[in-house]
């Protein structure tokens, strides 16, 4: 609760009525934790692998599918309309393009996501149906985060994966935004214009904190899946699994199925 109280103040320490400033203050600690998960630290160091990137794309696809479908469905809602920028911000088609590049036209048959991603999706669907004003928190944390770090992370990814072109990296591009900084100013201005009661504003701040927590859980789940898949591959190698040669995509799918089963069993055992 202390975090939400401090959200009433801007960077200068003075009280701020701007929703964007309040969200930034309320999520400061969560933002730091998200950037310092094992998966994100590896990413920032340029240590992302193709396997990690592919699995991350699957989770991002599921998250943005839920978010953008709920934003579309609630586009005329008073709280959503001011921050509804499908032409400038929509990620879904770009993610589909990236997934098709890596997995082929039947990529939808290969989608495997961890439990945390499913929980994230379910949360977005729930608030889209019951409290559309809370979508403001998720749209802000996701879109402005991607817009802020998109170009840098895109370059890191291209270099880390040794890609000769930007194919497979469409997610990081915003062709409808000519100036990210100016657009972010416009977006914050629109968001600050949203009329909310004090109770609704408090709920949006809490939802912004929850959005970061959901992202942290997704990153942690992905890391667990990948770690288990790596250990499984190593074990198979030690017992002569080289006698069976599968395609890289099939190996990824098998490894992740084992990982999902293991993570699922651990959750039921808690």
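Glycine too: its Cβ is placed from the backbone N, Cα and C atoms.
Any TrEMBL annotation is an automated prediction that lacks curation.
TrEMBL lists region 'Disordered' for one of the ranges 1-20, 41-60, namely 1-20.
Less than 8 angstroms from the CB of residue 188 (heme b binding site) sit 18, 20, 144, each of them six or more residues away in the same chain.
Across the residues the record lists as binding heme b (24, 31, 140, 188), the two Cα atoms farthest apart are 18 Å from each other.
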